[in-house]
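Chemist: Take a look at this one; I'll ask things after.
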């Protein structure tokens, strides 16, 4: 009896049906961008200072320029504009007093400039920004700056919890049902974020978005992998992630046009409601149906694919019968660590996800420590991801997965060290190294997304990807603290740490089996044997078609995340 990959070779591995399905799922991938990195614009922190009553009137009377006003009325502005005292404290003087000098206002008020008392920003802040963000609306600066970290951490906490729940739903009740549920909740909660009346409600709705949005993105990732044939699996996996990069470019343009965060939130959320049309244009994954012993439904989906591709399904492939005596494969968390090879895969992939998240987000945050144009910086960081995808497309089928993955890790680590150790006078070299680092970690991210689902059997695929990628969410929670706290000790210290993490990751991925040219494992036994020499197709475990004796009695539990088969 043939495997599903054999059937796809006859009815089309990436024909009209798969192309249409892939296109609509790529739209989902692009729409995930605002949830994952939208905080760059939603939580933008512009230059700010305390509001001091009377300063504006005094500046107008004296005819000061903005620079003169800041030097005269803001503590330490002339010596270091980014100092904490210049942003979070003000002179405790009465700027409305009569007789204030325009040449030496502080001297005329207190006599000795060095003894001017400082106080907190009791009347709020002035922001040098024409738009709005949650920072400017809720004053998330100075003593409350940690609330911005909480806003972003709430999303990653949602990602982590959702990894435990959404993956199980996808493997237990189906990819399509899971996708529709996550799309609906993500859309509704996104709208609620835009209308949140307070900071706390904003965090709560943002957490709900995190619970489902990543799970929906990964479910789409799994579906793209399970609909296409073996020879196209690698390409669609990378292009699906490339759609996320396209989303970065679109987000940049929309944020530039809509600098007010509530309107921006609505603009990037409302299109998600169109994804509910998946109910009518997407079928369930035939691979999942087969693992659930729903072979009649799987046959219907296969015939639908063949009809759409204008291919004839050979008669020998049309006798799939449901096995009433067979036991459905139910995913179990213990199956991820019960057998030696899958256990090794799980731990290495968890570290790889953690590394990818910390370095990907960390390099963006570290670059953001320097002042610059937020839109151009974000645009450049997105553009560098395109060559990373093309390099993988050119190398993975020729060289394989492991060696490009290891080289990308080493390149990232080396680039981080160069960026940290090269003096600022060699600006061109630092920027080149920074771009290579971003390119390298993007390749690592795309590779772990691709390889993770290739190492788990069908019944564990969603669960394995989501459990492993949950370490990505833990990394996302930790990254702000790693970057900003270590940078206070030494600006380049986070880069040194990133280099060490990347070098270790490069060594570990070499311990994984090569998946180039191998069919997706259908059973736990298949996954355990992947480290051995590739078996011929005749010896692979076939889809459970005729007798239940051929079905191993494994109980598996599911969870789902980035699955690129």
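Counting starts with 1 at the first residue shown.
From the backbone N, Cα and C atoms, a Cβ is placed for every residue, glycine too.
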Chemist: Out of 213-235, 305-327, 374-396, which range is noted as transmembrane segment by TrEMBL?
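Modeler: Here TrEMBL associates transmembrane segment with the stretch 374-396.
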Chemist: Could you tell me which of the ranges 150-170, 423-443, 444-464, 465-485 is annotated in TrEMBL as transmembrane segment?
Modeler: 150-170
Chemist: So which range, 117-137, 348-368, 516-536, gets flagged transmembrane segment in TrEMBL?
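Modeler: Here TrEMBL associates transmembrane segment with the stretch 348-368.
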Chemist: Could you check which of 93-113, 177-197 is flagged in TrEMBL as transmembrane segment?
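Modeler: It is 177-197 that TrEMBL annotates as transmembrane segment.
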Chemist: Pick from 63-82, 263-282: which stretch is listed in TrEMBL under transmembrane segment?
Modeler: 263-282
Chemist: Using a cut-off of under 8 Å between C-beta atoms, tell me which stretch among 21-44, 177-197, 236-257, 348-368 contacts the transmembrane segment (493-512) the most.
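Modeler: Out of the listed stretches, 348-368 contacts the transmembrane segment (493-512) most.
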Chemist: What else in the chain is close to the transmembrane segment (150-170), if you only count residues 6 or more beyond its ends and a Cβ gap under 8 Å?
Modeler: 35-36, 39, 42-43, 134, 140, 177-179, 181-182, 199, 202-204, 206-216, 218-219, 222, 331, 462-463, 465-467, 469-470, 472-474, 476-477, 480, 557-561
Chemist: Check the transmembrane segment (236-257) against the transmembrane segment (348-368) for contact, please; criterion is three or more CB pairs under 8 Å, pairs 6 or more apart in sequence.
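Modeler: Per Cβ check, the transmembrane segment (236-257) does not touch the transmembrane segment (348-368).
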Chemist: Taking residues 6+ outside the transmembrane segment (263-282), which of them lie with a CB under 8 Å of any CB in it?
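Modeler: The answer is 20-21, 24-25, 27-28, 31, 34, 38, 41-42, 176, 179-180, 183-184, 186-187, 190-191, 193-194, 223, 251, 254-255.
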Chemist: Six or more residues beyond either end and a Cβ under 8 Å away: which residues meet both conditions relative to the transmembrane segment (21-44)?
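Modeler: Answer is 14, 129, 131, 133-135, 140, 148, 151-152, 155, 183, 186, 190, 209-210, 213-214, 216-217, 220-221, 223-224, 227-228, 236, 239-241, 243-244, 246-248, 250-251, 255, 261, 264-265, 268-269, 271-272, 275, 278, 281-282, 364, 368, 374, 378.
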